[in-house]
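Taken from Swiss-Prot as is:
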type	residues	note
BINDING	32, 33, 34, 35, 36, 37, 38, 39	ATP binding site
DOMAIN	4-236	domain 'ABC transporter'
């Protein structure tokens, strides 16, 4: 089922015109060197950065959504955001609960998401007292809550700009599990990141960007090829098969 359509979308000189489409249940990864345009693309998909062309979410152009309607359809995690110091975690999360959601269902969702992200003991803590990794997980919990299927049946899309930043190995695994669960509910996720092996293992589709252009897009195995990646990143990559999985390495000098 079609979820998102991009028709000749561009953002000034920061993102060249391209077209694409996203169906339901997919995890799509945006990869490319720093400055490639990944954050620009995500912000435009979120409706927060004006773009030329047309972005259609759930059959309706982003330009025709009211703010409160768009907030029910998608959630967006920016790459950086300062913590609001005079606020405990539980109050911050409450700002993201969908309008009209059942209070008990919201409490259950908060408990579930925070347990998965290992945040339960942080709920009463002030945001200013969180470490960088804790704050990142709180931000993730908030955007998950905004579009969590049990309390927001209208939700369609989660947009995450470098969500794994600041997370340790166990926390990354926990985030992976939540993303898989979210996609299995018929929603889709678009993620930017720099861990090529993580993308190789987790993504259903990959969009490869460089210098403000979407150069290649398609199924993961089609895009994550050593020759394609080497040309874009200007690094000599190799792909190895080990234990029934593929792994990307750089070639030794």
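Placement of Cβ uses the backbone N, Cα and C atoms for every residue, glycine included.
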For residue 35 (ATP binding site), the three-state class that DSSP assigns: coil
Residue, out of the binding-site residues 32, 33, 35, whose Cβ gathers the largest set of other Cβ atoms within 10 Å: 32
Around the Cβ of residue 36 (ATP binding site), the count of other Cβ atoms that are within 10 Å: 23
Other CB atoms within 10 A, centred on residue 34 (ATP binding site): 7
Segment-level pLDDT (mean, integer) for the domain 'ABC transporter' (4-236): 96
Residues close to ATP site centre defined by 32, 33, 34, 35, 36, 37, 38, 39, Cβ within 8 Å: 192, 209, 210
Residues near residue 37 (ATP binding site) in space but at least six apart in sequence (CB under 8 A): 11, 14, 15, 209, 211, 212, 213, 214
Position of peak Cβ density within 10 Å, selected from the binding-site residues 38, 39: 38
